[in-house]
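Asker: Pasting in a structure now, in structure tokens, and then I'll have a few things to ask.
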Amino acid sequence: MAGAPRGQGGGGGAGEPGGAERAAGPGGRRGFRACGEEFACPELEALFRGYTLRLEQAATLKALAVLSLLAGALALAELLGAPGPAPGLAKGSHPVHCILFLALFVVTNVRSLQVSQLQQVGQLALFFSLTFALLCCPFALGGPARSSAGGAMGSTVAEQGVWQLLLVTFVSYALLPVRSLLAIGFGLVVAASHLLVTAALVPAKRPRLWRTLGANALLFFGVNMYGVFVRILTERSQRKAFLQARNCIEDRLRLEDENEKQERLLMSLLPRNVAMEMKEDFLKPPERIFHKIYIQRHDNVSILFADIVGFTGLASQCTAQELVKLLNELFGKFDELATENHCRRIKILGDCYYCVSGLTQPKTDHAHCCVEMGLDMIDTITSVAEATEVDLNMRVGLHTGRVLCGVLGLRKWQYDVWSNDVTLANVMEAAGLPGKVHITKTTLACLNGDYEVEPGHGHERNTFLRTHNIETFFIVPSHRRKIFPGLILSDIKPAKRMKFKTVCYLLVQLMHCRKMFKAEIPFSNVMTCEDDDKRRALRTASEKLRNRSSFSTNVVYTTPGTRVNRYISRLLEARQTELEMADLNFFTLKYKHVEREQKYHQLQDEYFTSAVVLALILAALFGLIYLLVIPQSVAVLLLLVFSICFLVACTLYLHITRVQCFPGCLTIQIRTALCVFIVVLIYSVAQGCVVGCLPWAWSSQSNSSLVVLAAGGRRTVLPALPCESAHHALLCCLVGTLPLAIFLRVSSLPKMILLSGLTTSYILVLELSGYTKVGGGALSGRSYEPIMAILLFSCTLALHARQVDVRLRLDYLWAAQAEEERDDMERVKLDNKRILFNLLPAHVAQHFLMSNPRNMDLYYQSYSQVGVMFASIPNFNDFYIELDGNNMGVECLRLLNEIIADFDELMDKDFYKDLEKIKTIGSTYMAAVGLAPTAGTRAKKSISSHLCTLADFAIDMFDVLDEINYQSYNDFVLRVGINVGPVVAGVIGARRPQYDIWGNTVNVASRMDSTGVQGRIQVTEEVHRLLKRCSYQFVCRGKVSVKGKGEMLTYFLEGRTDGNSSHGRTFRLERRMCPYGRGGGQARRPPLCPAAGPPVRPGLPPAPTSQYLSSTAAGKEA
């Protein structure tokens, strides 16, 4: 999901289950928690303060603006000489406080304000608010004052300064950036001071003083309760949003590491330009008729082929682990030499190693690089032979010319090179001599006489060179170039044959002695994080984050300086709230993106029930005040009872829906409607009290009677009821607007519209009544105070609503963006994993991705029974030709790519899921079955079942090639060899890791192909024994001479005895033998390639098996 952060501040119901708990701990769903919540780690707490700095700064500016406006309004009223009760200590202090608040406002408005400085400003503002509040208490400095009605009043009244203290208290909770405990202490001190001063200075003989003090105490309690709730919930929402964003950033960084690791792994297998192009097409396949070919042409490179002479005898004694270790040590060393000599290793085929210089980066001295590479390889293997007293040597062949490089097929990509010049380099290796670098005349011309050479006489040892009259030379090194000291073999007797373990040990020691070389474990260089300490700290922090139970005690990060925290710190330094606000509409604060706005509204408000409970408590407080000081009215009493009952019903309903896990029923529209109705209902109770207390019409004759309309339109004059508690009724109206502040997730726009309506009704009620003529109390003669109070309260609530809305929306935006980036990285990870699984067998790739780099060992696996298949197209070499008209052979390779791609698509079928493509070697396709590990309790398939799958695949390959011939008017013929037996699978080559299988089984399977007959499937006697029980039909071929094995009895697989393969395909001998065109349309024939039997480049006749890579794994004995 993009854009909706799971479990973010109050949104635990939308998105990932448990997301909120992960951020808030087990108690995260309670309405409010103990104060003083903060992270245990100072570093994380500092990050959170930095995260909220700009928003806290904006809130502080709003608080100082309200306080300045309050002090300024009171100062202006004093300046204009508004009548009122006897002057107290506040006389003359309001202008001073106004100046102080304005000065703090200017200081706070500095852009470069730091967290500590903002906290100091908040503390100063709280201190000045305390002095302001104390001076507003009902102290008396002078004698009796005269009311506007002319009546004498006491020296002070109990209601004096209450609304100012209520407003200052709420501002300290909702907008000032001070600690929660400090704000609570402020609220308690202010309330206690007013109550004590009132009790001490108001004349005790005033009737019902205790009732007035009780009403004041209830009002202070209500405001403090609402302030604490707003304070705690706002901070909790921000902390949860911060942790949610941090979790996403942590996951993103972890995924970034994994993706970087996967990218490095991908780059180690393929050149960057090829890998990036293939990755893009693999993830978003373009619509096209033909499969895209990833081939590039390089016209001036040098190709080196090298073969280890005598390796077969050395490896014949080894175990699986020893063989993989030996190969990795040798070829790891060769990879290091290739890097030093600016060569790129292309592939390892058995014990054959070939590389190219000048491929990825053009080099003018590519021939020199390859010669140096060949000489270094000879020196290396000579040192091995001397140290182990094993007859090992290296045969190296070089040629300079043109290559086509890239990847063929759709699965198990392997970078390779093709061209007639590659073929010639391969022949140069086969026609060379051990310990010599064999070069052609073309390569010699590129060396500019920098090396001494001698005639190679390659034509005397190779028919190919003799037929094409190719002159060859040997490089004559001037001296022994590189000697590997450090091995002492005095304890080993030369006459005694060494065991393989001894040979392997000495070989490993030898490989390590030069430049402290140690062959890397394959993929270890791409698995290791650059800073393991950072990774360890990140992992520790992650575990603690997931295991914490609360904010205050078990929160994360005992390890300071983690990578995630440093990353967030840099983000916060670059964060600009103004830019984030650009995503919001300035007036409505809605997101400009409709989809994001919809997802924001889908977040559930887990504190909505708590807000309703608080509204119920406030209604109960109004009921107590009504009973204490306000004249009772049946209408007001009924309204109060209805309000309490409705709120109780709402609370029960919300609790039931929450217990039954139906949070989705409270949509944003329902929550907004409930919020408006509850606020209007509670405010109506307070307004009803006001209506009952204020005189609505006075007779023109007397101030002591009230004119009302009776039934029938008659006017009735009633005696006026003294209502000294009208001030408390008006205070209830002010406090009645506070429920708007506790519904945090209701948008600010409906709140401000509702505030406007409530304020208007309040003013209308006051102006239409004669409230200035109410006898006694603080309202007597102070007509400005009720209007000033409601305007300041409404202004404060409007600013707070907008501030909370901005906070929640920016928190959501930050968390959503972090989660979107995390999800993007997750998609990249999955995409990279798909690509890696296309480069390596899935279980092998997963092994390296899951392994700890520090504990990673060589990957190897022994298998007792594996089916191996080689399928070649021997007459493709007759088809291949390099001409300007076909882009020097690219179009011919395009058709080969179509053939291999169709074979790959055939393997994608579910029936062939147990098959594993190993590689392609020129036009030879190599696959195996029985390599995948069995998962859990899944029954292991028998080798007979595996061989049936392999045989059916081979049969289907004939049909696929037959279809291609039909479409392209070609006559390609398939030749297949199958064998079964033990193999060793592993990954070798640290810098260019490569998965392969080795063993006598692989060699014999290759011989079954190379000694086979076109259009037939040749199998060994063991395969015949296992498959004849599965209704397959065979023809005995007889004894066949196999290199390294002598005479072997082989069979031709003809198909099933019932004429069908195991999944309904038919395999007919006549189709295999006659695959050429049968008429009809064409779809894939490359226009520039001849259909059959083209002349190969002059002087280069077709090779009998593979013109490209004659020194293949098929011809090597591992």
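Each Cβ is built from the backbone N, Cα and C atoms, and glycine gets one as well.
Annotated region 'Disordered' per Swiss-Prot: 1-27, 1079-1118, in sequence order. If you look up Swiss-Prot, you'll see 1-18 marked as compositional bias 'Gly residues'. Per Swiss-Prot, the feature transmembrane segment maps to 63-83, 87-107, 124-144, 157-177, 182-202, 213-233, 610-630, 634-654, 673-693, 724-744, 752-772, 774-793. Marked as ATP binding site by Swiss-Prot on the basis of similarity to another entry: 307-312, 349-351, Arg395, Lys919, 996-998, 1003-1007, Lys1043. Summarising the annotation, Swiss-Prot assigns Mg(2+) 1 binding site to Asp307, Asp351. Annotated Mg(2+) 2 binding site per Swiss-Prot: Asp307, Ile308, Asp351, in sequence order. Taken from Swiss-Prot, the feature region 'Interaction with calmodulin' applies to 492-519, 1023-1046. What Swiss-Prot lists as phosphoserine is Ser550, and the listing cites a large-scale study or a structure entry.
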Asker: Between the Cα atoms of Asp307 (ATP binding site) and Asp351 (Mg(2+) 1 binding site), find the distance and write it as a whole number of Å.
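Answerer: Approximately 6 Å lies between the Cα of Asp307 (ATP binding site) and that of Asp351 (Mg(2+) 1 binding site).
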Asker: If you average pLDDT over the region 'Interaction with calmodulin' (1023-1046), what do you get?
Answerer: 88
Asker: Looking at the binding-site residues listed here (Ile308, Gly310, Arg1007), whose Cα lies nearest to that of Asp351 (Mg(2+) 1 binding site)?
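Answerer: Closest by Cα: Ile308.
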Asker: Quick check for me: are there 3+ Cβ pairs below 8 Å between the transmembrane segment (213-233) and the transmembrane segment (157-177), leaving out pairs under 6 residues apart?
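Answerer: Since 3 or more Cβ pairs under 8 Å link them, the transmembrane segment (213-233) and the transmembrane segment (157-177) do come into contact.
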Asker: For Val1004 (ATP binding site), name the DSSP secondary structure in the helix/strand/coil scheme.
Answerer: helix
Asker: DSSP says what for the region 'Interaction with calmodulin' (1023-1046): how many helix, strand, coil residues?
Answerer: 8 helix, 12 strand, 4 coil
Asker: Just the number: how many Å between the Cα atoms of Arg395 (ATP binding site) and Ile308 (Mg(2+) 2 binding site)?
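Answerer: About 6 Å separates the two Cα atoms.
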Asker: Grab the same-chain neighbours of the transmembrane segment (182-202) for me: Cβ-Cβ under 8 Å, and only residues 6 or more beyond its ends, written as numbers and ranges.
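Answerer: Residues 35, 123, 126, 129-130, 133-134, 137-140, 154-158, 161-162, 165, 168-169, 172-173, 176, 209, 212-213, 216-217, 220-221, 223-224, 227-228, 231.
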Asker: Taking just the CA atoms, what is the gap between Ile997 (ATP binding site) and Ile308 (Mg(2+) 2 binding site) in Å?
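Answerer: Per the Cα atoms, Ile997 (ATP binding site) and Ile308 (Mg(2+) 2 binding site) stand 18 Å apart.
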Asker: List the residues of the same chain that sit at least 6 positions away from Val1004 (ATP binding site) in sequence and have their Cβ under 8 Å from its Cβ, in sequence order, or write 'none'.
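Answerer: The answer is Asn979, Gly981, Thr1020, Val1042, Lys1045, Met1048.
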Asker: Determine the most Cβ-crowded residue among the binding-site residues Ile308, Leu349, using a 10 Å radius around each Cβ and all protein chains in the structure.
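Answerer: For the binding-site residues Ile308, Leu349, the Cβ with the most other Cβ atoms within 10 Å is Ile308.
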Asker: Non-local Cβ contacts of Gly310 (ATP binding site) (under 8 Å, 6 or more apart, same chain)?
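Answerer: Listed in sequence order: Val390, Asp391, Leu392, Asn393.
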Asker: Just counting, how many other CB atoms are there within 10 A of the CB of Arg1007 (ATP binding site)?
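Answerer: So the number of other Cβ atoms within 10 Å of Arg1007 (ATP binding site) is 25.
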Asker: Pop the Cα-Cα gap between Leu349 (ATP binding site) and Ile308 (Mg(2+) 2 binding site) into the table, whole Å please.
Answerer: 11
Asker: What number of additional C-beta atoms lies within 10 angstroms of the C-beta atom of Ile997 (ATP binding site)?
Answerer: 23
